[in-house]
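Written below as structure tokens is the structure these notes are about.
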Amino acid sequence: MVIAMTWHKPDNVAGSSAPAIMIGLFVATGGLLFGYDTGTISGVVAMHAFREQFSTGYLDPSDKELSISPSQSAQIVAILSAGTFFGALLAAPMGDQIGRRISLIISVGIFCIGVALQTAAMQIPMLIAGRFFAGLGVGIISVLVPLYQSEMSPKWIRGTLVCTYQLAITCGLLLAAVVNIFTQSIDGPKAFRIPLAIQFVWAGILFLGLVLLPETPRYLIKRGQHQAAASSLSRLRRLDITHPALIEELAEIEANHEYELSLGSSSYKDIFLGSPHLGRRLLTGCVLQMLQQLTGCNFIFYYGTTFFKNVGISSPYVIQLISNIVNTVSTIPGMFLVESLGRRRLLMLGAAGMAVCHFLIASVGTAAHEEARAVNLVIIVFVCLFIFFFASSWGPVVWVVTSEIFPLKVRAKSMSISTASNWLLNFAIAYSVPYMTSSGPGYANLQAKIFFLWACFCVIAFAFVWGMVYETSKISLEQIDELYERVEHAWNSNNFEPSWSFQEMRDEGASASGIQPQLQLADQEEPRRRTGTSASATGSEGTMSAEDKIVAGLGDVDLSY
């Protein structure tokens, strides 16, 4: 296993991280559903059998054969993103009320309904309905998978594990490209029904695995289920339930949640106006997700086959397969660099690289007055180079950042809104691109010129990361609150060092930043400080420490997992 061989657990971390790593890797397969669906439709809409089956009489200007119109293509492709937008908004109430795990199980079921409708569709309306339901399921998954991963991961490998969600998306895109190549030459509707039906396989595997997985300890603390949280954390860290390190981590999660609640409620209003700086964090998450789409990534993944065909490149399916191989392989360096190089540097490096590639593609494609092998080769090379920069930076790291920066009390709500902004832009791009790149009356016929637009947005992305994105690597989710309290500007966040724990704040009644928490423990007569890695120190005689109270409440926890 790449992660096990490459990343080594710090010596001062007790227990084993293997269970959390394996669970995080498995849950990441939720990205496979989205990636495969996205990659499948890119090839399917270009298949002769598909165009003939769903044509309403439109003739393709290039060959005068029955086909679907650019507007119909836009509707079929973009409706998935409309479903994901609403699914992302549904994820917050579902994830907070019935749990991250159960919500994921339900979302897989919704996705399967959509796949069934797509596979059986004979006309466009039924196909669109199927893609909407599949999108609804994917939207919920896209919020809850990174959320689930971040809440159960050890901090030393949290970024890498969340990156595996993007890796799964790229694997789905690659699998779809391979399946499309093998089926596109089949005569009749089987050519497109087979790749659509294969989605049941990935959904079934994820569904069965989710039945066996634990709920995240942070969600259980949020719901007041402290015994279940201890059992879940014990399973994830492979530590005895009375181990000092486990008790300390659980106490820190609990104290942080209580401190967050002491600062205000967790309504939708609070995610805009709450403290510390929740509005700034939400703006960061939303703009990052929108800029991820505006890099032009899904122009390639949604319409790559059609674009390569239109600019005169032979074997567009093969080129699309090559681009997906590059996408998958290039995600792996991002998994290494997200912890060593950091979130900020990796995002800025990726934005700069993508901007250069886009400018070169647009310049070469626009300057060429006729189809030439050299021009096509340059376009292919720089499209692949763009995919490398995207897949190793903005593809995975945006999901990492948005899964980390929000406090527990509003994490699901904030993530759902930021992810919904991703899908909103996804829908807008998927729907508008055919109108911008197609030829004929009423269409812009931009072709390669559209890459100038993507390049400009990459420049904006670079500036936004420099000014707004805080470095969150190597600190716990609970310490990110202190980061936003103490560091005024994002460009100074690389030097941040946590100076206190939420247990100390709760027990002593003050934070190192000078902000006086409203939360006080009524039954605590004497402050308690941690020593070393153990949190078992007690206060005055007759007064139990926070950890002792947790241990006392765990007497009947079932550890027979």
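Cβ atoms are placed via backbone N, Cα and C, with glycine included.
TrEMBL has this to say about the protein:
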TRANSMEM  12-36  transmembrane segment
DOMAIN    23-473  domain 'Major facilitator superfamily (MFS) profile'
TRANSMEM  73-92  transmembrane segment
TRANSMEM  104-122  transmembrane segment
TRANSMEM  128-148  transmembrane segment
TRANSMEM  160-182  transmembrane segment
TRANSMEM  194-213  transmembrane segment
TRANSMEM  346-368  transmembrane segment
TRANSMEM  374-402  transmembrane segment
TRANSMEM  423-444  transmembrane segment
TRANSMEM  450-470  transmembrane segment
REGION    513-561  region 'Disordered'
COMPBIAS  532-543  compositional bias 'Polar residues'
Highest-contact recorded stretch vs the transmembrane segment (450-470), from 12-36, 160-182, 346-368, 423-444, CB pairs under 8 Å:
346-368
If we call contact 3 or more Cβ pairs under 8 Å (sequence gap 6 or more), are the transmembrane segment (374-402) and the transmembrane segment (73-92) touching?
no
If one takes Cβ-Cβ under 8 Å and requires six or more residues beyond its ends, the residues near the transmembrane segment (73-92) are 34, 37-38, 41, 45, 54, 103, 107, 110, 114, 124, 127-128, 131-144, 302-303, 306, 412-413, 415-417, 419-420, 422-424, 426-427, 430-435
By a Cβ-Cβ criterion of under 8 Å, what residues six or more beyond either terminus of the transmembrane segment (128-148) are in contact with it?
27-28, 30-31, 33-34, 37, 41, 75-76, 79-92, 94-95, 100-101, 103-104, 106-121, 162, 165, 199, 216, 399-400, 402-403, 411-412, 415-416, 419-420, 422-423
Per-residue pLDDT averaged over the domain 'Major facilitator superfamily (MFS) profile' (23-473) comes to what?
88
In terms of Cβ proximity under 8 Å, which residues at least six beyond the ends of the transmembrane segment (12-36) contact it?
1, 3-4, 84, 104, 108, 111, 137-138, 141-142, 144-145, 148-149, 152-154, 156-157, 161-162, 164-176, 198-199, 202-203, 205-206, 209-210, 213-214, 235-239, 243-246, 533
